[in-house]
Each structure stands twice: as C-alpha cells, then as structure tokens.
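Student: Just passing along the structure, written as structure tokens.
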Amino acid sequence: MEAKSHLFFLILLFNFVFLHANTLQTYIVQLHPHGVTRSSFASEFHWHLSFLEQTVSSEEDCSSRLIYSYRSAMEGFAALLSESELVSLQKLPDVIAIRPDRRLQIQTTYSYKFLGLNPTGEDAWHKSRFGRGTIIGVLDTGVWPESPSFNDQGMPPVPKKWRGICQEGQDFNSYNCNKKLIGARFFNIGHRVASTSTSSNTTREYLSPRDSQGHGTHTSSTAGGASVPMASVLGIGAGIARGMAPGAHIAVYKVCWFNGCYSSDILAAMDVAIRDGVDVLSLSLGGFSIPLFADSIAIGSFRAVEHGISVICAAGNYGPLQNSVTNEAPWIATIGASTLDRKFPAIVRLGNGQFLYGESMYPGNQFSNTIKELELVYVTGEDMASEFCFRGSLPRAKVRGKMVVCDRGVNDRAQKGQAVKESGGAAMILANTEINLEEDTVDVHVLPATSIGFEESVHLKAYIKSTRKPRARIIFGGTVIGKSRAPEVAQFSARGPSFTNPSILKPDIIAPGVNIIAAWPENLGPTGLPEDSRRVNFTVMSGTSMACPHVSGIAALIRSAHPRWSPAAVKSAIMTTADVTDHSGNPIMDGKKPAEVFAIGAGHVNPERAVNPGLIYDIKPEDYVTHLCTLGYTRSEIFIITQRNISCNELLQMNEGFSLNYPSISVIFKHGMTREMIKRRLTNVGSPNSIYSVEVTAPVGVKVRVKPRRLVFRHINQSLSYRVWLISRKTMVKERVRFAQGHLTWVHSQNNLSRVRSPLSVTWKYK
C-alpha cells in the first residue's frame, strides 16, 4: 500500500512538473535550526510548508511543491520554485541559505587478499570480528538483493539500534531484506523533477531500491559482501569473493538514477540514514570542487560526523589533473584509487612478429586461447569520428571480418566493442590515447578484444602505416597474480591539492580501485550494455567509486574493534598506518615517477595495521568550526555548514595559534613567509607505559624542528601534544620552488612496527 501511494504521488508530481518545466527549478532551502517562527507549528513538516504558503500563489496547493523535508542532515526542505518565488523566499525570516539542486555522478575476489586480510589467520578480520555489529550505509544506485553477496547465512541478529526500514517498491518487497541487507530505501523525487524529458536510456529503471545499473550492487558488496566461493566473471578472476567487512550489516539508500544523482535526493538519504542508526556512510559519487557552504554532501556529512558516523567518499575520477579532487571537507575521508597486482594479459602479436602488451577480460581469456590472425584496420578521416568507434560510424565494408583499432575516450569502452560487432568486425584493439597513458582498466567485452597502453598504441599505428596489409592476433593469457608491481596510483584517480581548502592534504588515502571484481545484478550483462545478453553474478569495474567502499568496509572493521572511537579517530587510524611503499618495498609509483602526496595522501590503506594504530589524532566537531574560522569563512557561511552560531574573533582569541589536529600536515608559505608553527595532539590507544620517539624526513629546502622529540604515555587514552616548526630556506624562494614533501613518524621504542606516520606537504605561493 505504501509503495502504491508513493507511486501515485510521483505520477501527480511528474505531471505537475512537466506542465511547469520551463519556469520551476528545484532548490534546497536551509533554515535556522532554532528559528523564531518554529514554535508556531506542530511539526517540522508544517513549519517548512509555511514558507511555501507565504511564497506560492494561493491558487496552488503548496504541498505539491514540497519535495523533501530535512531535519537531521540539515534543517530545511527542497522545493520547486520560480525565480520570483525564490526572491520572495530569500526575504523571509529564518531562511539562511538557498542552493539550486546539483547533479552529481557515480564516480571482490582478490582485493582483500592483496590488502593482507586472511580469514584463517589472527589478523584484522579476527580482531574486529569481521566487522560484526556495524552498519554500513551505502548511497548509490540501489542493490540486487538476490546476489549471493547479500546472503545472511551466519550473520548475527540485526542490531537493536537499527531504526531503518525495507521500503517496498517495484519488484522489491520487505522479504528482500535479511540479516545482511538490513535496510533499503529509495529517493528519486529530485531526479524526477529534473528529468522531465524522455530519456534515451533503454535500461529498465526500477522505482524501488532495486538496482538497474549495477554500480550500487558492486560497491555494497565490496564494502560488506558475504563470502561467496567459486566467484568469477565468466570463469575469469576466479576465487572466493568477500567484502572488506563480511560480518557487517548493509543498508542501501538508492539516490542515483539514469540521469545522475541529485543533491536533494542525496541530502534526503543522509537525513534518514542518520536517524536509521548507520555507523559508516559510503558515497561513491561526487562532482567538482565547490565551497563547503554550497556543498550538500559536506553539510550533511558534518551532521553525520556530529552523530558519530564515519563518512567515506570517492575522490573523483578526473586525474591526473591537479586540483581535481572532490569531497574534500576535512571531516570526510576522501579516497583515491590504486592498482592490484592481478593482471589479465591479452597480448597482441603483429604481423611483423612484434608483441604489444594488452589486457582483457573477454571470456576467451580463461582458456588461454589465441584467436586467428586477422587483418587490422584503423578507420580515420571520416566525418563521424570513426577512430572512436561510435555506433554507426564504422563502414561495414571497411571493418567486416577484421580486427578494428578503436581510440579510447569520448564514449564508453564496452560500447566501442558493441559498435565494432554491429558493423561486422571480428575483434577489437582498444588503444589508449595520450590522456590515458598506460592505464590498464579492463572490460568483459562482447567480442574478442584487448586494451593497450599509449606507448603500445603508438607502435601499433606506426605498424599499420608501414604495410599495405597489416595483420594481428590476440593471445589471451588467463589470470596472472603477483607478477607486476603494485600498488600504483590509478591514472584516473583525482589529485590534490584541494581547490577550496589547500591547507588540508587531499586525497586522504588510496585503496584498490582498478579492475575490481564484485557483485552484479542478474538482469544485466557484465558490460552493462542493453545488448549484452550474457548473465553473471559478478563483474569488473574501475574507479574511485570502487576504492571508496574498500575503505568504508575497513572503517567498519575499526568501528567493530573500537566501538567508542570517533569518526576522526577511525580516519586517523587508517591514515597514520598507511603504506608508502609497494609490495616489493619500493616507493609507490604514479606512472613513471614516485607518487607525490597530492596523489596518495597519507599512502595506501593497510587494514592489518589500521585496526591497531597505537596512537591517534582525534578531532571534535567544534575543532572543525575553529578550523573554518582560520580559513576565513564568514559567520553566516560557517552557520550554513555547521548550524553553529559562533564568533570567529572570540574563537580564534581563545585558540591562539590553532591548528586542526589532522593526521597529515600541510603548510603553505605565502609571499614573504618563511616560518610556520603547527600544533598536534596524539592520544594513546595502544598499551600503557609506551614511549614514542620522532623521526623526520624533512621536505627539500625546509628545516623541520619538533618539540618534544619524545612522548611518554603512562596510560591508555592519555593525550600529549607536540609542536612542529617548518622553516623555509631562502634558496627555495630564489629558485621559485613550488612544492616539497616529507614525513614525520612517531616510532614506538619497544616495537619498531608501531609507527604513526604523517605526510608533510609544503607549498610556496608567489604573487
């Protein structure tokens, strides 16, 4: 009955919006949480509605304009408004901010082993009881509940604190939830009112928590999926699939639809998730960097952190561009992507005997097959940009029965293979361009295909030009583990420094995000293309979207092992125990050079060490408020973000020389500055009577002094402070150096393995 009434409401709303499509837009209206007009109304809903009653024409039903009513992630509502109504609403008392709705985008059988998690050893899984008792809330495209990754065999009862529901809807009933998938909701009104035109998308969209795109099923199972034996993608990458926290409970909030993820829907989901009782919020979505007071995710996540919820977000996929990192609020854990040492070789043998390395998850790979030698063709010079292999751009007469070279970029990688297949092509080589360099993301192509790096593509195209009848074959080499250098930074992973807040180093950390195998809906082929009739329970995906749930699951492990820890303590444990070397002991690489802190943050996540970090840097919500004052945010902007009415002058006078107690240290020397002092405070969460000494690798051109150089902790939960002076050498300014990095590590005197490491980032800014 609930689903039918919800559907009826949406139909009425859709018809209303369609009639007003040219004049109305969705806005998020933020109200004062202790507004003077609040006491006159019986509920928040009626209070919120009163603002529309004062703004909208009396001839209309105001409730038809109200999309969402928020009270936990923010005090306020989302509504449809015209420009004139917007102006009128801004003048009303208790209205503190109005923002237009913003569209964002969605950004395993082996990765747990790669990270050192072992179901039979005395490791982080056992110390944390596999994440039992924690609840991971995932905001994404929904879930396919029948996936074996959401089987609840062996799961403990649903936690008593859980207050969520299993919302019924299209092809989704309450019995689809269980002790693993304990809750599911969907939020689509913001998407509906913004998507009034008929979509060209042919994928079925469920008006329910059910996933029709696969992304949410994939991320949810990565974070907390159950153990699934003999998992593979059509026989490739076979093994036991497990999420990072296989004992944790999962709650799904569907906020992303065919046209993206709208901030009004995201905020509504966060609003409900806070009340539902989740421990971790995982958001594999984002957009471009905007000021925190205009960012609904930043605002909603601050309220979540106030309620003790860890918020983990994807850093974005716009790397390797500088300043491309998103979701960079200091109370959010921002996650970049790294590679695994698992490869799926599919090597090209050219007619001249030359070999080009490529990778593919085309099903022929499992049999170590070699396809027969075919004529090569690279179609260029057409008006339809045929080199990118758009559908309908490849002349059948030129490609039929041949191996077609397609440049990467513009359209989806798997779609290129479908275009080749529809035009009669027999195989495909997907060639990276200079933008993608040697990035090696793979796909489960619909025809024999492989993907090659940029250097190989240069050799390939030179060969094609060198002969009248170029020929090639693809040699599939199966699944290979442990033979390649890893982890490395994913080429696409967004880079810092933060555009809006460079004083905080972002991303915070990197985690596996390339060629991740995880759960997949049974109504989709492994490519996600409507034409792909193959059916699988698992598929491969790449992105910071895949890295984010790895850390969400690890955060759940830490919360299970240390249920009283704050979100800042959980993040500190993850950051200060991160690896900066790969599995061979060499520096983590970013392409052909060692990775900088703007690519990896504190380093690569290490769950085994994160569960027992020794020391942590803790941060209280009020510390973030003081930090916003140091950044120059105005009183009204800080109120929008935090709903705290403060005086920055008073706060900064009370906290002279304030430094946010962040696990990483970032200093900016503006023109004329040569010295900066940073304060930090460490809390002992290890053993009593622990002594730590400091080790410093100073950034080039910077002198670093630390006082004291030794910290003696007599008790557990004791906190001690230290100061760091960073002094720039004059030569750095003369030579116009812009960046240098180092690190500061506190080492346990009796246990050299207990190392609490903070990256040091120094930037010089000149006029």
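Each residue, glycine too, has its Cβ placed from N, Cα and C.
Per TrEMBL, the feature signal peptide maps to 1-21. Summarising the annotation, TrEMBL assigns domain 'Inhibitor I9' to 26-106. Residues annotated as domain 'Peptidase S8/S53' in TrEMBL: 131-589. Annotation comment: TrEMBL describes D140, H215, S545 as active site, charge relay system. Feature annotation from TrEMBL assigns region 'Disordered' to 200-224. Look at TrEMBL and you will find 214-224 tagged as compositional bias 'Low complexity'. Feature annotation from TrEMBL assigns domain 'PA' to 374-456. Positions annotated as domain 'Subtilisin-like protease fibronectin type-III' by TrEMBL: 660-762.
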Student: Per DSSP, what is the residue count of the compositional bias 'Low complexity' (214-224) in each of helix, strand and coil?
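Tutor: So the compositional bias 'Low complexity' (214-224) is made up of 10 helix, 0 strand, 1 coil.
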Student: What Cα-Cα separation, expressed in whole Å, is found between S545 (active site, charge relay system) and D140 (active site, charge relay system)?
Tutor: 10
Student: Using all protein chains in view, find how many other C-beta atoms are within 10 Å of the C-beta of S545 (active site, charge relay system).
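Tutor: A count of 29.
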Student: Ten-angstrom check, please: count other Cβ atoms within 10 Å of the Cβ of H215 (active site, charge relay system), all chains counted.
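Tutor: Total other Cβ atoms inside 10 Å, all chains included: 24.
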Student: Would you mind reading off the Cα separation of D140 (active site, charge relay system) from H215 (active site, charge relay system), to the nearest angstrom?
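Tutor: Between the alpha carbons of D140 (active site, charge relay system) and H215 (active site, charge relay system) there are 7 Å.
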Student: So what pLDDT does the domain 'Inhibitor I9' (26-106) average out to?
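Tutor: Within the domain 'Inhibitor I9' (26-106), the model's average pLDDT equals 89.
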Student: Return the count of C-beta atoms lying within 10 angstroms of the C-beta of D140 (active site, charge relay system), excluding that atom itself.
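Tutor: Looking across every protein chain shown, the total is 29.
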Student: Counting each residue once, how many in the domain 'Subtilisin-like protease fibronectin type-III' (660-762) are helix, strand and coil under DSSP?
Tutor: 5 helix, 61 strand, 37 coil
Student: Run through the domain 'Inhibitor I9' (26-106) and tell me, per DSSP, how many residues are helix, strand and coil.
Tutor: 24 helix, 27 strand, 30 coil
Student: DSSP helix, strand and coil counts for the domain 'PA' (374-456)?
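Tutor: Helix/strand/coil tally for the domain 'PA' (374-456): 20 helix, 18 strand, 45 coil.
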